[in-house]
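Asks: This is the structure I want to talk about, given as structure tokens.
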Amino acid sequence: MTSTGKDGGAQHAQYVGPYRLEKTLGKGQTGLVKLGVHCVTCQKVAIKIVNREKLSESVLMKVEREIAILKLIEHPHVLKLHDVYENKKYLYLVLEHVSGGELFDYLVKKGRLTPKEARKFFRQIISALDFCHSHSICHRDLKPENLLLDEKNNIRIADFGMASLQVGDSLLETSCGSPHYACPEVIRGEKYDGRKADVWSCGVILFALLVGALPFDDDNLRQLLEKVKRGVFHMPHFIPPDCQSLLRGMIEVDAARRLTLEHIQKHIWYIGGKNEPEPEQPIPRKVQIRSLPSLEDIDPDVLDSMHSLGCFRDRNKLLQDLLSEEENQEKMIYFLLLDRKERYPSQEDEDLPPRNEIDPPRKRVDSPMLNRHGKRRPERKSMEVLSVTDGGSPVPARRAIEMAQHGQRSRSISGASSGLSTSPLSSPRVTPHPSPRGSPLPTPKGTPVHTPKESPAGTPNPTPPSSPSVGGVPWRARLNSIKNSFLGSPRFHRRKLQVPTPEEMSNLTPESSPELAKKSWFGNFISLEKEEQIFVVIKDKPLSSIKADIVHAFLSIPSLSHSVISQTSFRAEYKATGGPAVFQKPVKFQVDITYTEGGEAQKENGIYSVTFTLLSGPSRRFKRVVETIQAQLLSTHDPPAAQHLSDTTNCMEMMTGRLSKCGSPLSNFFDVIKQLFSDEKNGQAAQAPSTPAKRSAHGPLGDSAAAGPGPGGDAEYPTGKDTAKMGPPTARREQP
């Protein structure tokens, strides 16, 4: 698999299945996007490469959620997912390739669009969004950077990394999206309807198409968030009156009064234009929802995809709903995914180029279990199969193969191969440790344990020596434990350290030498931390002001994400960036607001106690984060600069005038604001950042705020670029 370059030297060509990797198309938070060319048909695709080793489990779960959501959506204006490949280190998403670039760059080049062209783009966006909402999917990160154009200048909605399934009348909690396009309820940290949040974002996009500027803009992040919450913006006179009423209905602070997609599609400006073609609509598909008699009739691949969506985390409840006789949301989503699987079966590639790689990417293929009618399909001669545990829980195909290979390697070392088959299908069933089914990287708590089963004669099958047995010889168990700490599990060569159970600890160290257990090197990494709390007392402030200050403090700290638990409780997570991975353990803590003193009449301005409780993570880093939040809570005037909380000094880039275009939109806002606050504190005049080369200062979308790696965890902001100053100052005047 080599090709000769001009200098006569051999250059290795990289392949993902039948696709040859070529130039890099872009770079995001989760990895690179490269151009792929099919070795036979020359079809071009975009291959998103996700490095599993460099991303946290929560981010990888979001990648799996994006895969499941893209399987649910088939629309001409939504980017298509073709296939998924994977090996031990990388995950490869084979996506539709569109050559027109981003709508953002199109706006930078052309300036504000004519109402006719803006209506064409807007109709396509609304058509695709309406299809997503009809399948209970909310995008939550709509902006021109995530809207791509094909060769005919038609819209493709991309980047569903922040998308969520909103079932029924439930509300969402995660604060995500870009500040210029986020609705007020998201900015305030309240629970919100994802569908209404998408409508607000579409209103901001339509304004940008028609004006070439954003309705809410400010160099100061705090001022920007305040403008969004007020919802007051300047409406240029050149916007048609009908369109002005549509914009005011979409960019409405009160979510209850905000227009719905149904009202938008009936609006006179949306319908207008007699000679304009209607947006292309997908062929409606009627999926029959039928009853599922038993667990054996449930397709394991579809079950995996549903669990990856994130809203069906309770596996037992999901199975109960699927087996119910009544029609419900779970069954509708199940049969939609099953219908997609039957129409686009994922099978092994037939013609692959010759490869000499040690661990080539393998295609995710359908398990040979059930078809849509509950009957077993004939098995393919493929190693990519699905193993099922005793409890009925499916194990991913790659995991099952490597478990079997690990068992073979162990037997070849010990010579105990008489009672075990070498086939991954006929080997003893494997009981994996519980892990989120939606995660592509389930973290094992140890080497997989092959559960011995009684043979018909009554003699148990031998247990592979690689599996530490509680009843085994202590020194052998200790030796195996040391060996596994170097080798890792069959799938992962670097395991996360887990707190061992007392039973495991007793096997790690012989009983005759308790001193070794006390001085074990595990103690340097595993600490059973006691609950640590920090209290902050606040006087003469109403509860609403305290909550707003806490949310603003969260938003002003890079790499900190939060979610709302109740009216007076938040949960936050801070992830340090840079430095060795061993020092990047996230800090998780809870914030509770309690009323401590004063009568009911004084409750509005009484004494409140804000309690910060450390849930997990380093205590010192927790205290530094709380100190930063505390300084902002107790400040009555200008907020202090957000401190640099990382343990390394190379994480923060000061204003250089060359702000990167990729990464999270908020993180570089934070970097700039930190410098601005610092300058103000020292009595200096704060200077705005320089204009990036790509955003011409003379164009209607001249300046832009940079994007960097976004905060992680549940309240993570997505990868992408953000717009800061879209348009000349005259177009950004705010109404008094």
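Every residue, even glycine, has its Cβ placed from backbone N, Cα and C.
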Asks: Could you look at K44, K48 and say which one Swiss-Prot places alongside L25, G26, K27, G28, Q29, T30, G31, L32, V33 in the ATP site?
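Replies: Within the candidate list, Swiss-Prot flags K48.
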Asks: Looking at T114, T431, T451, T509, which one is marked phosphothreonine in Swiss-Prot?
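Replies: The phosphothreonine feature in Swiss-Prot corresponds to T509.
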Asks: Out of T24, T174, T389, report back the residue that Swiss-Prot marks as phosphothreonine.
Replies: T174
Asks: May I ask you to name which of S178, S393, S489, S664 Swiss-Prot has annotated as phosphoserine?
Replies: S393
Asks: Can you tell which of L25, V33 has the least company, meaning the fewest other C-beta atoms within 10 angstroms of its C-beta, among these binding-site residues?
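Replies: It is L25 that, of the binding-site residues L25, V33, has the fewest other Cβ atoms within 10 Å.
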Asks: How far is it from S294 (phosphoserine) to T174 (phosphothreonine), counting Cα to Cα, in Å?
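Replies: Rounded to a whole number, the Cα-Cα distance is 35 Å.
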Asks: List nothing but the one residue from K27, G31, T174, S294 whose Cβ has the fewest other Cβ atoms within 10 Å; the candidates are the recorded positions.
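Replies: Least crowded of the recorded positions K27, G31, T174, S294, by Cβ count within 10 Å, is S294.
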Asks: Would you mind reading off the Cα separation of D141 (active site, proton acceptor) from V33 (ATP binding site), to the nearest angstrom?
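Replies: So the Cα of V33 (ATP binding site) lies 19 Å away from that of D141 (active site, proton acceptor).
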Asks: Whole-number Å distance between the CA of T174 (phosphothreonine) and the CA of L25 (ATP binding site)?
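Replies: The separation of the Cα atoms works out to 29 Å.
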